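As recorded in Swiss-Prot:
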BINDING   Asp34, Tyr35, Glu36, Tyr37, Asp38, Ser83, Leu84, Glu112, Arg135, Glu169, Lys285, Lys309  NAD(+) binding site
ACT_SITE  Lys114  active site, N6-AMP-lysine intermediate
BINDING   Cys403, Cys406, Cys421, Cys426  Zn(2+) binding site
DOMAIN    584-666  domain 'BRCT'
Amino acid sequence: MDREEARKRIEELREKINYHNYRYYVLDQPEISDYEYDMLMRELIELEEKYPEFKTPDSPSQRVGGEPLDEFEPFTHIVPMLSLANAFTAEEIKEFDRRVKEAVGEVEYVVEPKIDGLSVELVYENGMFTVGSTRGDGIVGENVTPNLKTIKSIPLRLKDSVNLVVRGEVFMPKASFAKLNEERAERGESLFANPRNAAAGSVRQLDPKVTAKRDLDIFIFNLQRIEGRDFKTHVEALEFLKEQGFKVIPLIKKCTTIEEVIKAIEELGEMKDSLPYDIDGAVIKVNELDKREILGQTAKDYRWAIAFKYPAEMKKTKIVDIVVQVGRTGALTPTAVLEPVVISGSVVSRATLHNEDYIKEKDIRIGDTVLVHKAGGIIPEVVEVVKEERTGDEKAFVMPDKCPECGALAVRLPGEAVRRCTGLNCPAQIARRIIHFASKDAMDIEGLGPAIISQLLSKGLIQNVADLYYLKYRDLITLERMGDKSARNLLEAIEKSKKRDLDRLLFGLGINLIGSKAAQVIAEHFKSMDNIMKAKYEDFLELPDIGPKMARSIVTFFSEEQNRRVVERLKEAGVNMEKLSTGKVSNIFEGKIFVLTGALKNYTRDEAARLIVERGGKVTNSVSKKTDYLIVGADPGSKLKKAQELGVKIINEEQFEAMLKGDIQP
């Protein structure tokens, strides 16, 4: 590799790593395994060391992680939450040992499991839990104190009135993860990919009540700082924390030689699949705290510790067939049917192939011999093809352009990796579609929740959203827990929903990429469902805030005959198909830009946004110098602080309502 090739490869690696950093640290939606990520980072570090002229301060090799999101207040860590350097072989562990001993002489090590969860910092003042934060970028994280307080293994008060800071890993036990996904599947909600994603998503919920319902746990693995006490070793400090009421990291083993360390790593690796929680490695730490002080740290990691990463177990097997499954969002996912093989203690007979690009990139064919592992220790995944074992009888796979469940068009929009079914009648996604249609921001059918929808579907009383308007009292009274009053109330709510405005109907149809704001723009312009269905791709592109993907999505949706039939049946049932007149509503917010933060008492965010847009205003998601008003509800996020810094006018819900009534002029 010459200098120019190295420069291009370094740029490519940085782009990939920054992308995956964003997916992992900011969105909590990783697309690759930790092992694959580590290999990318290792290659970048090696190239930058070989070509130091290309190393820059903003390279991902020089940083700890991703930026925190805006939903929570930022919190600057008392002690920076640095990462650990990684090792993948016994020789690399021995090299770490040599570096340590060159600096401080003989040492004692501890080996402990590396819990696969979400790292947090807990601050205690006078023995009381005061602040809990996520890692964020290592310097500034997110203040998630109310959510962490719902985890029962986190003590709210310590035994002693001490000031201290600890670091721990929040995780979800394997059994709890399986139960949670089972419950989400029953409700028609998207599933978590692995326990780590479930833990991270639960901690970062805006509503602590949601977090409280999730079975989260924590292991404390380090005492970051304490006032008025000294400890000689890490193990001694952990014993103190245990006495104070903390649940400390288990399976710790003290080692006096590097050979003992390697043996402890191997023993931990042998038992990891049988543990009730996920681990993705072992952490090796210097036990003596005074020697840690001497060893210190770099800008991104500690010199006194290293993480050994276990490679994902891979097995060889054969692809018998490739089938396509339709998810609840209409996404078509190719799945490999395999000759059964045991991986990490369980029999695997199917593996995800993600999407058609993944199949094409890896040149996966029916009949191929492949290597399979469990991504995140949970999801079976085809990693690569063993091409030298091909016989010539393998068959190429072609993604269908029709939904295998309902026969509707399966469309892949530009820039998207997945193909989606466009059918309103698709049985694979109908429950989710009806739940969305009945939701508060769409047709707002009070009393029509997931449980009732599930019963209606299982009894064959409905097959699509239009069928709701043909239900009779005799249909509803047969449902479980449905009495006379409940049945009549639901029929009344369904009848009432017929008068909803056009934008709410359009949003309720669940057209891919068309949210409530886009639906408002479209309804305001075209005025009727007939006009919308007749409109061409170019017509939608002329509208503000409607891009090419959204335009293509809505045109494709209405080109599908079964969707047009559903709309026709809605019309026959008496559902409003016109943009309702807003009466005497004036353009009092003309040219004004609003941002909303926190929970409003009398409106959802979409309802408040609709009122603003109807009156000529615009609603954006972030505060800037162009923002005219920030409407603040309960438990506002960091937008409030930014608005104060920029001098943006801040109003509460009562002032907003006064503006709507004309009592206050904007």
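Cβ atoms here come from the backbone N, Cα and C positions, even for glycine.
What you see is a predicted model, and the numbers here were worked out from it, not measured in a lab.
Known features from Swiss-Prot, placed on the structure.
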residue: Asp34; record: NAD(+) binding site; Cβ neighbours (10 Å): 21
residue: Glu36; record: NAD(+) binding site; Cβ neighbours (10 Å): 15
residue: Asp38; record: NAD(+) binding site; Cβ neighbours (10 Å): 17
residue: Leu84; record: NAD(+) binding site; Cβ neighbours (10 Å): 19
residue: Lys114; record: active site, N6-AMP-lysine intermediate; Cβ neighbours (10 Å): 23
residue: Arg135; record: NAD(+) binding site; Cβ neighbours (10 Å): 24
residue: Cys403; record: Zn(2+) binding site; Cβ neighbours (10 Å): 25
residue: Cys406; record: Zn(2+) binding site; Cβ neighbours (10 Å): 20
residue: Cys421; record: Zn(2+) binding site; Cβ neighbours (10 Å): 27
residue: Cys426; record: Zn(2+) binding site; Cβ neighbours (10 Å): 24
Extra residues within 8 Å (Cβ to Cβ centroid of Cys403, Cys406, Cys421, Cys426), Zn(2+):
Val326, Gly330, Pro404, Glu405, Gly407, Ala408, Ala410, Thr422, Gly423, Asn425, Pro427, Ala428, Gln429
What does DSSP call Asp38 (NAD(+) binding site) in the simple three-state scheme?
helix
Find the shortest Cα-Cα separation between Arg135 (NAD(+) binding site) and the recorded positions Lys114, Cys403, Cys406, Cys421, Cys426, and name the residue that gives it.
Lys114
Lys285 (NAD(+) binding site) CB neighbourhood, other CB atoms within 10 A:
23
Counting distance between Cα atoms, which of the recorded positions Asp38, Leu84, Lys114, Lys285 is nearest Cys403 (Zn(2+) binding site)?
Asp38
Just give me the nearest neighbour of Leu84 (NAD(+) binding site) among the recorded positions Lys114, Cys406, Cys421, Cys426, Cα to Cα.
Lys114
